[in-house]
Amino acid sequence: MKGNGTVQRDENSLAIHWFRRDLRLDDNTALNAALATGLPVMCVFIFDPNILRHLKIKNDSRITFIFDTLQKLDADLRARGSMLRIFFDAPLSVYERLFQSFNVRGIWCNEDYEPYARERDAAVAGLCKAKGAEFHAHKDHVVFAPHEVLKDDGKPYNVFTPYSRRWLARFADEPPVYHELASKGKFLPATADHQNPGLRAIGFERSAIAVPPPLFDAALIEHYSDTRDIPSVAGTSRLGVHLRFGTVSIRALAALAARLSQKFLAELIWREFYQMIIWYYPHTTKRPFRAIYEQLKFPGSEADFKAWTRGETGYPLVDAGMRELVATGFMHNRVRMLVASFLTKHLLCDWRWGEHFFAQHLLDFELASNVGGWQWSAGIGVDAAPYFRIFNPSEQQKKFDPKNIYIDRWLKNDNFFGTEARAPIVDHRFARERCLKFFSTVHP
Ligand code: FAD
């Protein structure tokens, strides 16, 4: 374990809580369950090189955010006489060593539905079994786990509306309960024999992008359906990153949404719909949901893709969105839908190129929602926008940014050239016809 000194064997048994996408103490299902055992709880976070190697930006803002959040968690645990042990190594190796050094009775964590996480957790569960210890994964990241909202025949839904109806019915029957940090359990006392790694030690630099603390803005949520579609105003919650890393509780947010805005609640249900899809159809992280679309070989060029990434397509709303993404790590949902449609339908670039680019830059990157959003936009996903629905970028601009407030904000430095004067990379009508022809190869 890099950054870890020699840990003395301790005969006293203990439980481990493994933090992953649940970086908070309050209303943390697995942490409360670990504390309920009465065993002293050791809190662990692991920077996994297998995940970090996919991140290409040295000062990745998610890593800075995780790092800072871990320092706060450590401080909160130290205020309770304990500490957070942070490691930088493969989880299996970390746990093998912890089993050698401590009398670990079990590992508690919250479920993660991504394919890699499932494999990783199965391996750690196997190790626990071999050591005669317990492994418990709890539902925490969602209100309803993938298997809890299924059709009458026990199969998963492929269409959002009936899924959301069933989700809401279950929500009415079983409203989520918020649990504060259990006051009865105890944490393992802090020791001086473990050194947490710094940012540099895990191969990253500090990002200048600061994530605002989570805000449950009741007024915003109440007016969400009026403001959510206008990219120039702060009309959405910006809670995506906090939901991703668990710095807010989904149960608390869903309960508030249910009181204030059905539209906002519907977006939280989309999030769970995609978590369900990735669980039952893990192939979708790499391939289209429907096999028929696997035949499509997107012919788009790397040069067009590059222009798109730089915000140089000549379509101001597309370009503004891409600039916002690279500068801030955020892009408004309305603009995400447009830029994704533009890349796949106007430029006929492979949706995976765009998905990977978003994965590198989005602060709120969540594999399930990102793949879902990209496949929806490209018209190849579950319950997707049909392939013949092709956004007209100029019309979208007139409708959602009629006074050019958003595009001026992001393209003002381009005015020397004159943003409007930048020639569109492709003519809309031509692109539309080309796209329909392309998809007609699978939809004769
Ligand atoms: P709000 O509008 O305030 O919504 C509240 C929360 O609901 C969000 O934080 C998010 O957790 C959830 N949510 C909202 N819309 C959606 C949706 N369509 N699908 C799933 N969950 C939703 N969302 C991500 O969280 N991570 C991603 O990587 C991601 N990639 C996307 C890629 C594309 C191509 C598209 C079209 C959408 C993507 N979305 C993604 C969905 C959506 O754009 C973001 O969740 C939203 O813009 C985040 O801003 P917010 O937190 O202010 O959301």
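Using the three backbone atoms N, Cα and C, a Cβ is placed for every residue, glycine included.
Site annotation for FAD in TrEMBL covers F264, E267, L268, I269, W270, R271, E272, F273, Y274, and the matching candidate from Y224, Y281, Y293 is Y224. The 6 Å Cβ screen around ligand 1 retains nothing from the binding-site residues Y224, I269, F273. Taken as a whole, the domain 'Photolyase/cryptochrome alpha/beta' (13-143) shows an average pLDDT of 98 in this prediction. Residue counts for the domain 'Photolyase/cryptochrome alpha/beta' (13-143) under DSSP, helix first, then strand, then coil, are 57 helix, 34 strand, 40 coil. The DSSP secondary structure for Y224 (FAD binding site) is helix.
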